[in-house]
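Some features that Swiss-Prot has for this protein:
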- 13-33: transmembrane segment (TRANSMEM)
- 62-82: transmembrane segment (TRANSMEM)
- 100-120: transmembrane segment (TRANSMEM)
- 276-296: transmembrane segment (TRANSMEM)
- 306-326: transmembrane segment (TRANSMEM)
- 332-352: transmembrane segment (TRANSMEM)
Amino acid sequence: MINTLDRYIGKSILGAIFATLMTLVGLSAIIKFVEQFRSVGKGTYDIWQAVIFTGLTIPKDIETFFPMAALLGALIALGNLASRSELVIMQSAGFSRFKIGIAVMKTALPLVVFTMIIGEWGIPQTEQFARDTRAKALSGGSILSIKNGVWAKDGHHFVFVRRVTDDTKLDDIYIYTFDQQHNLIKLKHANQASYSEDEAKWTLRQVNHSTIMKDEIITTNHLSETWETSLTPDKLGAVSLRPTSLSISGLYHYISFLRETGQDVSRFELTFWRKIFQPVSVGVMMLLALSFIFGSLRSVTAGARIVTGICVGFLFYVVNEILGQTSVVYGIPAIFGALIPSLLFIVMIWWLLSRKRD
């Protein structure tokens with residue numbers, strides 16, 4: 001049950017988190033918008049489309065910056081309460097540190113639910129629409145992304161790619177060749193395609209050729225062959241969603257597909273488990289702020305708290321990236337690579353709180 005003090009603490013933290021989040025997202029949006037100037041003028045891509053693209057990527061930024069905003073917002077709000085001795089008064093009135101911690105976590109819960117909702121049902125749609133719109137404008141309409149794949153025009157060829165795994169890997173590719181009278185004369189299908197940066201070319205694997213004659217269809221098969229095309233990884237990558245932009249359910253289904261086709265899933269599994277454990281990461285950030293306020297940051301300035309929060313948030317990011325990539329490289333289960341950073345910081349929180357226990 002939420003009492004008056006819970007609401008007071010929650011209101012203070014919510015306001016600080018919202019202000020911090022809007023600041024971080026706003027700075028990111030400005031940087032992205034400036035970056036788009038390099039593409040303005042290509043194809044039909046203009047300044048207004050750059051504005052739309054930037055706006056559509058804001059939901060992803062909200063999810064990305066939320067853990068940092070939770071840490072900084074909680075530090076600022078709790079720090080203000082501590083500097084006005086309000087936390088001391090609460091404890092004197094019987095509102096223990098544990099109860100204050102529970103009040104902080106109650107505040108985090110609806111925010112975490114909100115970010116998970118937009119991550120599942122908002123971000124994949126807005127990110128895909130943003131990339132599709134931008135790619136269509138930059139390519140002059142020669143690339144079109146649909147629900148089941150990507151269509152591209154390549155001279156007299158029309159290419160359909162079922163899945164763009166990343167910028168340099170494609171799955172289930174169909175290449176249709178037409179003559180000057182727009183008659184279909186060749187159909188090529190490949191299970192996979194990979195791009196070599198050194199040789200600057202695509203290689204198709206498990207290729208099936210169908211040449212359509214007037215009276216017959218001639219079929220041949222090849223294990224691999226070079227694909228001469230104007231479609232570069234940059235063009236195809238413009239319409240492919242990054243793993244971090246996929247929903248949890250989308251990642252789950254995509255991982256299942258990769259397993260069925262015998263492909264490496266470690267990178268996608270790591271992203272999947274990080275999304276699952278994001279509520280834990282947010283809770284850790286807010287409890288870390290609480291442990292600092294009850295400890296060494298009780299009486300310092302707001303600026304010092306912000307700098308400390310940025311440093312700690314960056315440290316968490318570095319530890320998260322190092323342990324995550326280590327799990328991918330050495331074949332450690334991805335669930336450990338996603339969870340261990342939070343567990344390490346929980347140990348740090350326990351140590352800070354126990355060291356400062358009255």
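In case you wondered, yes, glycine gets a Cβ from its N, Cα and C as well.
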Using a Cβ cut-off under 8 Å, which residues of the same chain at least 6 positions beyond either end of the transmembrane segment (276-296) come close to it? 13, 66-68, 70-71, 74-75, 78-79, 81-82, 87, 97, 100-101, 104-105, 107-108, 111-112, 115-116, 119, 248, 305, 308-309, 312-313, 316, 338-339, 341-342, 345-346, 348-349, 352-353, 355-356
In terms of Cβ proximity under 8 Å, which residues at least six beyond the ends of the transmembrane segment (306-326) contact it? 67-68, 71-72, 75-76, 270, 274, 281, 284-285, 288-289, 292, 297, 332, 337-338, 340-341, 344-345
Any residues 6+ beyond the ends of the transmembrane segment (62-82) with a Cβ under 8 Å from its own? 9, 12-21, 24-25, 28, 88, 104, 108, 111, 115, 118-119, 123, 244, 278, 281-282, 285-286, 288-290, 292-293, 297-300, 302, 305-306, 308-310, 312-313, 316
